[in-house]
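Annotated in TrEMBL:
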- 28-128: domain 'Acyl-CoA dehydrogenase/oxidase N-terminal' (DOMAIN)
- 134-228: domain 'Acyl-CoA oxidase/dehydrogenase middle' (DOMAIN)
- 240-398: domain 'Acyl-CoA dehydrogenase/oxidase C-terminal' (DOMAIN)
Amino acid sequence: MPRRRARPSIRPVPPADGGTAVITDAATEVAAAARALVRSHDPHAVSADEFLEAAFDAGLTWVHFPAGLGGRGIARGLQPVVDAIFAEAGAPSLVSLNPIGTGMAAPTLCEHAQSDEQKRRWLHPLATAQDIWCQLFSEPGAGSDLAGLATSAVRDGDEWVVNGQKVWTTLAHCARWALLLARTDPDAPKHKGLTYFVVDMHASGVQTRPLRQMTGQAEFNEVFLSDVRIPDAHRLGAVGAGWRVAMTTLMNERSSIGASGSRRGDGTISDAVALWAQRPDRRSPVRRDRLTQLWLRSEAQRLTAQRAHATATAQGPGPEGSIGKLVGAELNQRVYEFCLDLLGPDGTLYDDYTMRHIGPADSNTGATVQERFLRSRANTIEGGTSEVLRNILGERVLGLPGDPRVDSGPWREVPRG
């Protein structure tokens, strides 16, 4: 079988406009703008809404977006400059307040929405966390095999009528808008019969039910869509081209999930280091070696994420973003396994198992090490299972031959369980 053409390997990307001076000048300018915003809108003196609004107006929410849409039209690689200044000042984190909106919806809307007016109408309240977003992709019969989804959208004049069920939808219970992938042509091969929409989560026919996790939280939901009407104006991309639009979402999702802290020692490894300092009674040479290995893995992930970010700056998010998500998910699990070992018998205690719906700021977090340990078990499933990500990296980055496919015919004829 012939080898697939591999995407160029991850490597540092040189400045696009003739040298480091251009990048340095741009970085200096955007850093000055970020510091000026922090001075004029002290995060400790203004509300989160007010600060995020000012950041959007200053073009500092996503610096690579066009002016007027929360950006400045400059290099994507300069966003960490802004983020670091905001974090140091204690500014509210849009990633925490609107995770799906920031990491997945915003880049998809910016690239595929039908008009600039539409982009601004959706992006502005997203950027101020006034409108929370969710993602209606996975279904009971289509998780890892996303293109096999069965939710249908049938055209009726200037509207589409949607019926189906979605599952594992993070924050659907508090979302105002959702990204929806639905089947519009069951006679086309499964990847070619899909169309991408934005759906109003308050529309008639949308029903959300919580799914209780083993942490006690209900961060995930199942969503039922019964004769939900969506204006054709809310379609992203061409009819039948939904898979291409979905790739924009998924590549950004994995890059977002896999992103590591910009400073050494940030992220989940900081929990392990803090617990090590708190529990001298549980230290041993073996545990010291485990902590060292985890630290090295964390640092390797951070540096790899920076290289992937450099590639994305030049080429846009690609399959390389799967590396950070794959490594980060497995690292999280190992870190909290180590933390539980450090706690010893105390690790079996769990303070609160009350069923509760949680908000965006608490998504994918936990108040205690025990809760974070339980939550981390889902990391290798959500956002693409580790098995699927290894296939993506093997085929699209390393150029290895893909698995044989038996579902290349019309979706309607593909056997489903």
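Note: Cβ is positioned from N, Cα and C throughout, glycine not excepted.
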Mean of pLDDT values spanning the domain 'Acyl-CoA dehydrogenase/oxidase C-terminal' (240-398): 83
For the domain 'Acyl-CoA dehydrogenase/oxidase N-terminal' (28-128), the number of residues DSSP places in helix, strand and coil: 66 helix, 2 strand, 33 coil
The domain 'Acyl-CoA oxidase/dehydrogenase middle' (134-228), counted residue by residue under DSSP: helix, strand, coil: 6 helix, 50 strand, 39 coil
